[in-house]
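Below is one structure, written out as structure tokens; comments come after it.
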Amino acid sequence: MSALLPVEQRIHQLRTAVTAYADQYHTHDAPQITDGAYDLLFRELQDLEAQHPGLVTLDSPTQRVGGAILEGFEPAPHDRPMLSLKDAMDNTDAMAFVTGAAAGLGVDTEALELTGELKYDGLALAASYVGGVLVRAATRGDGITGENVTSQARTIRNLPLRLPMPIDLEVRGEVVMRKNDFELVNKQLLSRGEKPLANTRNGAAGSMRQLDPKITASRRLSFYAYGASELNGETPFNATTQWDLIQALLNLGFSIAPETAVVRGWDGVQSFFERVGEGRAALPYDIDGVVFKVNTLQGQQDLGWTNRTPRFAIAYKYPAEEAISTVRDIVVQIGRTGAATPVAKIDPVRVGGVMVSSASLHNADQVHAKGVKFGSTVIVRRAGDVVPEICGVVPSAADETLRCFVMPLHCPSCDSRLERQPGMVGSYCPGGLKCPAQKLAKLCHFASKLGMNIDGLGDKSITALIEAELISMPSDLFSLQAPDVASLPGFARVSAAKLTKSIAAAMRPELARFIYSLGIEGVGEATSKALAKQFGAWSRFRVATYDELIQTPDVGPDTTANIQRFFADECLGLEADSLAAITSPQDSLKTTGSNLSGKVFVLTGTFPTLSREQAKALVEDAGGKVSGSVSSKTSFVVAGDSAGSKLEAAQNLGIPVWNESMLLAALAS
Ligand code: IVH
């Protein structure tokens, strides 16, 4: 059993396992084990290292949590300057680069091979490895001398601390804060009453420049590599192209965007730029453009450098997702759940490719935390289809004299007194479906694309239907008659018939869609899917207890409480029942495998990473039972090294035999 292994051996075993699991999680986005199982292994390693400080090494995954606080950053001179790229702001600039590079190399424009890479929007970092171990990490600084941020860099979870081979190498790339980590970090900062980060770039840069590496560790940074050279200045791995170099970095364990590709000529450049642009909002991190580099390293050398930028590469930029504007007014909007959201009315500005004149401020706490006032100069952000938001203030001397925002006491739509529920952020209008603003927002949400997807039912037609008193809640839609609709402003006979037809087509919705369309706070697309999967039928979801709801993956106490509050509200609960009776949501097939409930396990032999006790705890946490002997009731036998009679019994009885990784995979699914 593992407890009998000598300490060094166990530490080594744990380090290898933790590093591999973390690598699968952070670098390959493919978790192999649950967070709980990972934490168990990590904590065991931490405890063993605490008991045996002499056995701690620089490349141990425990070193990622951040060491001692620094007094200042040491200068870190660069062997080769860290320069920047020339920008192409439109297709004329980009075309000029492609034709210029092709001409410089004496090849046809259409034959020129380039790599298409993402232009990660963060902070440049040069990471030096000696004998395969990370020994120094430096920021760009002025390009000649950077700052030594080695302790901070060690906390970046997907930056290898040790390479699989003992080489001397400098890897350059970008430190970024992924979008979901940014949300998480900002939630934590706001809950502590601290100023939120304005954007992911500031998040990455600000977090790397923390003298206390523990703060950097809490910021959940990531690293994406885009170049490398041997410390003696040579090209590593005898690579002859940028593509080879990137593949080599990938093999060494560095993260590289999977979009990276080799493209040919102007057509290739343009289609890569467009394809990545279309997927930009869905990427896990912010990018501000794509980078094209002449693929052959010989070609790169032939084209060479100006004094500031390489001639062989270009940064082809997308329209900025952020812009600066001025707050003219702050109004309060009431959403479908009654949430009162302060919205800034700003001087119209072009951002993310469209004109924006209002932007969300989320809640009163954020208005104050960000320091937004009437007249503030603000950073406005619009990424993809996401509602534009104010992410921060550009400080000015006039700020002191500006008027502050005060949350009104009453709902601007129904005049109910706004409430603040304990433990919840923001104010709510308790008016429910009696509040006109909530009624409209609920109906719009119900009919929306991700909801019941009722074609031709947008906010204008819903407003007309409400004003004509034809509808007041979603269930009324199903008794609409085409002739009544036809007489309304904005409708005619054909459009009215079309609308009633698309309402009829919304019958028998998928359960997930139906749950989403109810507009329960915190129950978005992903949560609705998870709930549909967990309960399988509306009738089961409708009566689910707190304990049952909270077992749904990714459903926490807040969402569980929201669901229960929703059904406990007489009006909302009754309306949900009517809607279910009218539309008959389809049952969704319950897939097994998300947990081990009802399964009986027998554990035998020595497992490669888990101790028997750890494995037992994990099975039981996932709802399974662990039994000491094999019988016809046994669902699975998990066998490690030197498994004996129990393994034999399982084989005789035809019971499936798993190894440790199969168990971990089942726990993670
Ligand atoms: S190559 C000579 N490739 O963009 C410069 N840079 O202005 C070599 N960046 O600060 C850089 N993604 O940190 C390169 N795929 C990529 C990049 C990238 C982001 C950053 C880099 C630099 C800035 C260039």
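Each residue, glycine too, has its Cβ placed from N, Cα and C.
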Residue in Cys404, Cys435 which TrEMBL records at the Zn(2+) site where Cys411, Cys414, Cys429 also bind: Cys435
Recorded positions compared (Lys119, Arg140, Lys293) - highest count of Cβ atoms within 10 Å: Lys293
Least Cβ-crowded entry, counting other Cβ within 10 Å, from the binding-site residues listed as Ala37, Cys414, Cys429, Cys435: Cys414
Residue counts (helix, strand, coil, in that order) that DSSP gives for the domain 'BRCT' (591-669): 28 helix, 16 strand, 35 coil
C-alpha spacing of Asp35 (NAD(+) binding site) relative to Cys429 (Zn(2+) binding site), in angstrom: 38
Residue from Asp35, Leu85, Lys293 whose C-alpha is spatially nearest that of Cys435 (Zn(2+) binding site), among the binding-site residues: Asp35
Cα proximity to Cys411 (Zn(2+) binding site), best match among binding-site residues Asp39, Arg140, Lys293: Asp39
